[in-house]
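Here is what TrEMBL records for this protein:
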TRANSMEM  6-25  transmembrane segment
TRANSMEM  30-49  transmembrane segment
TRANSMEM  55-80  transmembrane segment
TRANSMEM  87-107  transmembrane segment
TRANSMEM  119-137  transmembrane segment
DOMAIN    168-397  domain 'Major facilitator superfamily (MFS) profile'
TRANSMEM  174-191  transmembrane segment
TRANSMEM  211-228  transmembrane segment
TRANSMEM  240-259  transmembrane segment
TRANSMEM  265-289  transmembrane segment
TRANSMEM  301-319  transmembrane segment
TRANSMEM  331-353  transmembrane segment
């Protein structure tokens with residue numbers, strides 16, 4: 001359990017570092033190297049016979065490789081798609097839902113037939129496909145000078161302010177977003193971690209709990225496609241309202257889990273939860289592009305994912321401690337629904353704050369243009385008054 005927990009936390013914890021490398025070297029190089037490191041970590045894990053080395057091979061090496069391969073896939077989409085960015089993110093992120101549905105059944109068959117170590121080696125095939133897919137991230141060259149430097153193989157190290165781009169936190173709307181989402185995630189992942197155990201405690205082995213994972217995966221994929229398309233019709237920072245809606249329903253569904261004394265009720269809850277989980281995930285990148293722009297989006301997403309690693313790691317263990325002390329998950333699920341509601345309420349302020357920022361920037365631009373025009377008029381007036389006496393003197397001569 002600690003190995004898998006470390007692996008999940010490292011994927012998000014490394015995100016700020018990944019964003020720096022993405023800005024320096026581009027999406028293609030980072031994704032390819034990340035997939036290669038992940039492949040090496042997964043392959044080396046298949047030769048480990050004790051648990052201790054897995055902390056490094058799977059918990060750190062494989063997880064870091066996945067982190068370096070994952071984030072560029074979100075950033076690169078904004079370079080090629082503008083009008084349909086939400087739909088494109090929905091299609092891309094729906095792939096993870098497809099594997100959420102199918103991979104558990106495949107893993108069960110593989111482990112029963114060839115064992116754990118050979119199963120890890122089979123999964124290396126997926127990492128190798130990811131390695132090849134990274135080469136399709138064709139970089140965009142902004143001007144001829146960069147193209148010539150690329151041909152000559154020159155690399156100029158970026159200034160420190162460019163490497164550690166903390167200027168994104170000067171954007172008030174992004175700052176609210178970057179702290180509001182982690183606040184919501186303290187309870188967000190509790191149902192995903194503890195739902196199966198709760199089902200066994202309440203219903204025993206008489207119900208197929210795998211159906212709940214199936215429902216979550218299917219509706220999450222559908223939600224990513226639907227809400228990704230819907231996001232394209234919502235202008236600017238108002239896309240945040242979709243995340244507010246998703247947090248509200250996920251928090252409500254978490255509180256509904258203890259009230260479901262019939263397995264069919266849990267299925268309905270998981271269907272709704274998966275749908276709005278897909279909504280939350282697919283519009284993260286489009287919102288980041290709206291708040292900070294394409295130039296700073298890589299580190300904006302990186303900082304956000306890094307902050308997300310804290311509640312993702314802390315929330316589920318707290319729920320587990322509550323279950324150990326109280327003997328039931330009911331209180332844990334009730335409390336898990338509170339942070340998404342609070343986080344959603346915080347995010348409601350973002351469109352208003354972002355609009356005020358844009359108005360201030362426009363006012364500064366107008367003031368700057370007005371000042372320039374006044375200076376130009378003053379200089380022309382001075383030159384005209386200087387020319388007139390000269391003309392009089394010339395006419396006098």
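Backbone N, Cα and C define each Cβ position, glycine as well.
Ranked by Cβ pairs under 8 Å to the transmembrane segment (174-191), the stretches 30-49, 87-107, 211-228, 331-353 are led by 331-353.
Averaged over the domain 'Major facilitator superfamily (MFS) profile' (168-397), the predicted model has a pLDDT of 79.
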